[in-house]
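The next block holds one structure in the form of structure tokens; read it before the comments.
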Amino acid sequence: MTKADLLFKDNITKIMSEGVFSEQARPRYKNGEMANSKYITGAFAEYDLSKGEFPITTLRPIPIKSAIKEIFWIYQDQTNDLVVLNDKYGVTYWNDWEVGHTGTIGQRYGAVVKKHNIISKLLKQLEDNPWNRRNVISLWDYEAFEETEGLLPCAFQTMFDVRRVNGELYLDATLTQRSNDMLVAHHINAMQYVALQMMIAKHFGWRVGKFFYFINNLHIYDNQFEQAQELLKRQPSECNPKLVLNVPDGTDFFDIKPDDFALVDYDPIKPQLRFDLAI
């Protein structure tokens, strides 16, 4: 059993046995009913990527390709334009969060990255002084929230640190998330930001180090309890999945493409489970 599978089962068990029910929930199911959830607070996980620990479960298939494309949309294209996400990457699941008929998700995610020139500033800081302690990506922009409607960012802050170990530089990352749908999005979000960590490390020719993941509200929606029990019953696959970025060290961050990533040794348990998402 991989570390990700162990933590997945532990979190499901903890939510189902110790979690409390939400009240006055904002999300709705497609039938219009309120999407309440059972949740715990303050969930934390640590993975040492340099030792082959990756935050992806084998208990069900995780659609990692589309998740990584979303990261490119946010941090390379730096846009909130759904046409770009749909046409360039073939990813459509954000369409449910379109604001009005604007063709965008509002001033969120990529729009905030572009507004503050976040990636270029981050890369410059790391180039000038890899050991500085100010390498922060923050998508929590109150001014942007007042400017337009739109879903507030769930994965809203990422921090980076560099360590020298036996003469080699390792890039660590910490992802902070205000809210996470445990069964559907947990490993998608984690692997997205591992991909971002790998892109930044490759830009400098560094190795990837540790990935820390903190979630304030970790939940299972009340229409997913049956799927939660099914996942607890499943025995994990014997594979040991790893995400690989097949570009030379020193490849510019903006020259990396989604197809440069490969998920190897991944043989998840099937069949896939169906989820009615909360919007």
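Using N, Cα and C of the backbone, Cβ positions are placed for all residues, glycine too.
Swiss-Prot lists ARG133, ARG134, ARG178, SER179, ASN180, ASP181, HIS219, ILE220, TYR221 as dUMP-binding residues, and of the candidates ASN166, ASN189 the one it assigns to that same site is ASN189. Look at ARG133 (dUMP binding site): DSSP puts it in coil. In this structure, the CA atom of ILE220 (dUMP binding site) is 11 Å away from the CA atom of ALA278 ((6R)-5,10-methylene-5,6,7,8-tetrahydrofolate binding site). The binding-site residues examined here are ARG133, ARG178; by Cβ neighbour count within 10 Å, the least packed of them is ARG133. The Cβ of ASN180 (dUMP binding site) lies under 8 Å from the Cβ of ALA43, CYS154, HIS186, ASN189, ILE215, ASN217, LEU218, HIS219, each of these being in the same chain and 6 or more residues away along the sequence.
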